[in-house]
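Asker: Sharing a structure with you now.
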Amino acid sequence: MLSWLTVVWRHMLSDKLFTLITILSLSLGAMCAVLVGAYLQEELSYEAWLPDSKNIYRLETSVTQSGQNSRPTVSTFYGMKTEFDGVVSDQVSQTRVAYDFFSIGENDDRETYRIAFADPNFFDVFEFNFIEGDPDTALADPNSLVLTETVSKRFFGDRSPIGETLDVWTHSDGVVTAVIADLPRETHLEISVISHIDNSAIRDGLQVRNGWNGLSVRHYFRTQDGQPSQSFEQNIETYAQQFLDKNFDKSEGIKVEFELMPIRNVHFSAAKSGDLKTRGNPGQLKLFTGVSIVILLASGLNFSILSIVRAMSRTREVGLRKALGASRARLLKDYLAEAGVYIFLSLLVGFAAAELFHPVFETLVGHELSLSTLHSPVFLILVAFVGIALVGVIGILPALYLSGLKPSVALRSDQKIGGSTVGNSLLLTIQFSAAIALVTAILIMFAQIRLIDSKPLGFEAVDRLAIYGVQRGPTETIVRLETLRTLLNDEAGILGISGVNALPDWGRDASGLIYPEGRSAVESANAAYLYVDAEFLKTFEIPIIAGRDFDETYASDRALKGNNDLSQLSDQLPVIITRAALANFGISDIEDIVGQSAGMQIDGVDFDIQIIGVTDDLNYKSLHYKAEPMVFIPKPGSMSVFLVHFDGSRHTEVMDALNAAWSRTYPNQNLNIRYIDAELAEQYDEDRQLLRLATAFAVLAIFVAILGAFGLSAFTIERRKREIGIRKALGAKGGDIAGMLAWQFVKPIIVACLIAWPLSWWFMSGWLQQFAYKVSFSPRFFIISGGIGVILAVLATGSQILRRAKTSPSIELQS
Amino acid sequence: MFRAEKISRSFRSGTVETTALRDVSLKVNPGEFVSIMGPSGCGKSTLLNILGTLDRPTSGDFWIKDENVSRYSEAKLAEVRRRHIGFVFQSFNLIDQLTVRENVELALRYRKTGAQERRLKAGLAMERFGIAHRADHRPSQLSGGQQQRVAVARALVTEPDLILADEPTGNLDSHHGEDVMGALKSLNDEGATLVMVTHSPAHASYAGRTIRLFDGEIMTSQDNSVSQSPREEN
Ligand SMILES: Nc1ncnc2c1ncn2[C@@H]1O[C@H](COP(=O)(O)OP(=O)(O)O)[C@@H](O)[C@H]1O
Ligand SMILES: [Mg+2]
């Protein structure tokens with residue numbers, strides 16, 4: 001054994017180039033597989049950390065209004081819980097949670113959180129890790145607050161917060177009853193502060209929103225192990241329908257469907273309205289798994305093909321061993337074992353590289369990734385199996401080839417002159433297909449992101465900043481904005497100030513219904529809405545194309561100041577709509593719409609509106625979506641951020657002025673700003689991250705392909721030495737030789753293009769589906785990627801080609 | 001016409017320097033058939049390589065007509081080779097991936113001869129050496145003698161001013177050896193200039209003149225026309 005290893009070791013040393021190329025590329029493949037494996041493991045382990053998560057379900061609802069697409073949401077109706085009391089026995093527990101943004105804190109020391117308002121038995125279903133407090137009583141009182149460690153630290157440092165008070169906006173005094181550990185990343189839940197579902201901050205709102213579009217709570221069930229899930233599901237269905245029968249007028253043409261979704265499946269099922277986190281992308285995951293397998297195989301192919309190529313110079317050794325009596329089986333075993341040494345050595349190096357490049361990979365995927373699973377014995381056994389499988393797949397070819405040589409042929413001195421083999425072309429074709437497909441994909445992604453960056457949105461985002469944490473009571477917020485405006489009015493560099501309830505990137509799905517005068521909400525269409533103050537359109541430079549902007553010199557436009565309740569309106573509310581909303585009225589001429597009266601419904605409240613102006617369409621949400629019909633509603637009491645339009649060239653002065661004015665308007669509160677253009681760019685973080693990952697994969701694939709091409713050129717061109725000498729003797733110039741050799745390597749790349757292009761076309765058209773505005777496939781992407789492939793192949797093989805082209809034929813012809 | 005003047009060629013590998021040729025002067029006239037003999041390692045191939053511009057002398061000059069090519073670059077030498085030289089090697093040096101016809105045409109290809117002319121000339125050359133019926137075979141399917149005749153056809157198809165043959169019969173049995181010598185002799189009879197390295201005195205006697213090399217130097221140069229024909233000696 002030891003002596004055999006010594007022999008293998010000598011082989012490795014005697015052919016340093018081969019050893020370097022194969023081990024380097026195999027270990028890259030292994031590294032890639034290990035890292036993607038860890039990523040895969042993480043993505044597939046969503047909710048697994050939560051005790052008994054496989055028995056927890058969420059009741060999800062899909063509402064279809066006549067003539068409209070169904071709207072699947074993760075929520076259901078607030079009032080359903082009582083309906084289920086019949087089914088819910090000792091075997092099943094149910095609990096609800098509703099989310100809303102509120103600022104908590106004391107006086108001006110506040111922070112806005114998405115607060116989870118839950119039923120008191122929430123922790124029976126979700127057994128979180130309690131650091132302080134008792135899960136059974138933590139939500140006993142409507143004013144209870146359960147904080148995560150991070151939030152607790154934010155307000156109380158290392159002190160115990162139990163019994164401390166924090167007020168929730170202006171509604172209630174909250175009392176901290178418990179602290180839980182921060183939730184890990186791998187969950188659909190988003191928890192920072194938990195309070196009681198009957199907390200006065202939310203109670204009234206929840207009970208008002210009891211119409212069919214009042215899908216306001218997430219409803220969870222936890223069953224017991226062994227509970228026959230089918231009958232459970234049937235029961236749930238039955239009671240849900242009973243609830244509908246009691247509460248809905250079916251004649252409205254509304255269809256409601258329920259789905260009981262195991263929470264373990266949430267991460268990989270289709271996104272629904274109300275998602276708090278981006279779900280996993282199974283397509284992307286499959287792609288990465290596929291790509292890393294291809295890279296691993298491509299690197300393995302380097303080993304197989306280069307072994308065979310190199311084997312041709314080992315034929316004499318084989319002939320000798322056979323002549324000395326070694327059987328084919330014996331040789332096969334030896335050469336397989338030799339492959340095994342290379343492969344396991346590479347796996348080892350690959351593992352080390354994975355540990356080393358782990359932080360880089362984390363930046364690429366955009367979040368932390370634990371490698372701890374990689375150290376478990378189970379995983380190591382798995383790796384051993386993969387290694388053995390690899391030996392079987394990539395070691396078998398060269399071993400068969402070598403052991404199959406006939407000794408009479410192997411020992412002949414006059415080996416054939418020259419020639420390329422099918423295997424060589426195959427290696428280049430496969431490896432470069434992967435590389436070229438990835439490069440094409442990257443080019444298209446890059447162009448798409450450029451398109452997004454340069455697409456006019458209908459509003460100006462540059463040199464606008466948003467100030468957070470401004471929300472107080474409705475009147476109070478307006479007063480503070482006025483104060484701020486007065487203070488900043490004459491400051492140089494401040495170009496405009498306004499307020500709004502939601503920023504573009506908030507991805508808020510808040511839409512109301514809008515309908516022509518004389519009809520009702522039943523015959524209505526959806527329109528997104530924003531609560532704005534009179535300066536909003538000016539601040540964002542949204543052009544009015546018909547009618548007029550808000551103007552407080554009109555009595556009607558002033559009316560809403562201080563009145564924050566749409567149900568209390570006495571007059572028509574003046575609103576401005578976007579061009580896309582015109583379709584909701586069946587009016588094609590924009591001038592005709594101005595002055596029209598109409599109805600609107602938001603959160604079940606109907607009110608009358610008058611259309612005073614029309615703007616061009618706005619991509620207020622990300623460009624993944626088409627510009628939707630929008631309504632601007634003058635309701636400054638609901639502002640949650642202030643907007644400042646400033647002169648970018650006077651940034652320092654602006655910030656000084658802003659800070660000064662801020663500390664007088666909101667004393668004791670830090671100024672918390674973000675730049676709108678930066679926020680908008682963040683909407684495409686995921687797309688950029690995919691681009692980064694794809695680039696990393698492409699670099700790896702290219703590197704493996706280059707190693708392969710270089711190895712091939714080094715080993716095959718050497719073998720064609722004599723042929724090249726003959727050609728030179730017959731009058732071939734260096735250029736003729738270089739051209740001939742280069743063509744040998746370029747031909748497979750052209751075939752690779754023909755494989756890679758359709759692949760990337762097919763995949764990228766899928767990826768582009770998610771954008772409402774997409775780049776068109778231009779031949780440019782494909783030509784460039786193909787060109788890059790050809791150039792890389794020529795560069796990788798160039799040194800060997802040039803060396804051969806330049807050598808004197810007298811040396812090449814020496815026998 | 002081909003004139004080597006005091007050419008020397010030494011090889012250096014590491015610290016060891018081997019002198020393969022030492023101050024060799026040689027003149028080959030048009031239409032001449034010169035054979036070179038000498039023990040293995042005495043520099044015959046080295047001399048032939050320099051005559052064929054496959055290699056350059058370390059010192060001395062080599063003239064082709066009025067051109068001193070001994071300092072030419074590799075690219076220029078390739079040019080000279082195209083214009084003047086044809087080769088026949090001991091180990092045939094046919095390319096296995098090409099057919100017989102393609103092997104013969106290859107030399108013409110590098111001279112940018114048109115496809116039609118190429119086909120015509122190659123056809124004639126193969127006809128002449130009795131291998132036309134094997135035109136579409138691979139070299140490995142031919143006997144050694146046939147392969148060497150392909151090589152001869154390939155060497156003459158470009159109508160070179162000088163045909164160089166390095167032990168053309170070295171790998172052949174005597175029957176096939178005669179065969180190939182006949183072919184070379186007939187070329188010379190038609191006016192071709194030949195320089196051939198051989199170990200066989202019999203084959204050397206086909207030439208008009210025999211040069212003997214020893215340890216990189218020319219020992220004797222003997223005019224075969226005044227001596228007895230070695231063929232009759234056998
Ligand atoms: N490329 C080379 N490098 C080093 N030594 C060489 C080279 N070519 C030939 N020689 C040496 O030059 C001498 C003459 O070689 P060669 O011309 O091939 O002899 P011949 O053809 O007469 O057998 C030999 O000693 C040989 O080892
Ligand atoms: Mg020799």
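Each Cβ is built from the backbone N, Cα and C atoms, and glycine gets one as well.
Curation does not apply to TrEMBL; its annotations are automatic.
Features from TrEMBL:
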DOMAIN    A:19-185  domain 'MacB-like periplasmic core'
DOMAIN    A:291-406  domain 'ABC3 transporter permease C-terminal'
DOMAIN    A:696-809  domain 'ABC3 transporter permease C-terminal'
TRANSMEM  A:287-312  transmembrane segment
TRANSMEM  A:335-358  transmembrane segment
TRANSMEM  A:378-405  transmembrane segment
TRANSMEM  A:426-447  transmembrane segment
TRANSMEM  A:693-717  transmembrane segment
TRANSMEM  A:737-757  transmembrane segment
TRANSMEM  A:777-796  transmembrane segment
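Give me the structural setting of these features: burial, nearby parts and distances.
Answerer: Residues of the domain 'ABC3 transporter permease C-terminal' (A:291-406) grouped by DSSP class, helix first, strand second and coil last, total 102 helix, 0 strand, 14 coil.
Confidence over the domain 'ABC3 transporter permease C-terminal' (A:696-809), given as mean pLDDT on the 0 to 100 scale, stands at 90.
Long-range neighbours of the transmembrane segment (A:287-312) within the same chain, counting only residues 6 or more positions beyond its ends whose Cβ lies under 8 Å from a Cβ of the stretch, are 15, 18, 21-22, 25-26, 28-30, 32-33, 35-37, 39-40, 318, 339, 342-343, 390, 393-395, 397-398, 401-402, 415, 421, 423-424, 426-427, 430-431, 434, 438, 693, 697, 700-701, 704-705, 707-708, 711-712, 715-716, 719, 763.
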Asker: Counting only CB pairs under 8 A, let me know which of A:335-358, A:378-405, A:426-447, A:777-796 has the most with the transmembrane segment (A:737-757).
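Answerer: Going through each listed stretch, the top one turns out to be A:426-447.
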Asker: Please work out which recorded stretch in A:335-358, A:378-405, A:426-447, A:777-796 has the most C-beta pairs separated by under 8 angstroms from the transmembrane segment (A:693-717)?
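Answerer: It is A:426-447, which has the most Cβ pairs under 8 Å.
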Asker: So what's near the transmembrane segment (A:777-796) in sequence-distant terms, Cβ-Cβ under 8 Å and 6+ beyond its ends?
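Answerer: Contacts with the transmembrane segment (A:777-796): 428, 432, 435-436, 439-440, 443-444, 447, 702, 705-707, 709-710, 713, 742, 745-746, 749-750, 752-753, 756-757, 760-761, 764-765.
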Asker: What residues in the same chain, six or more past the boundaries of the transmembrane segment (A:378-405), come closer than 8 Å to it by Cβ-Cβ distance?
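Answerer: For the transmembrane segment (A:378-405), the far contacts come to 33, 296-297, 300-301, 303-305, 307-308, 311, 314-315, 318-319, 322, 328-329, 331-332, 335-336, 338-340, 342-344, 347, 351.
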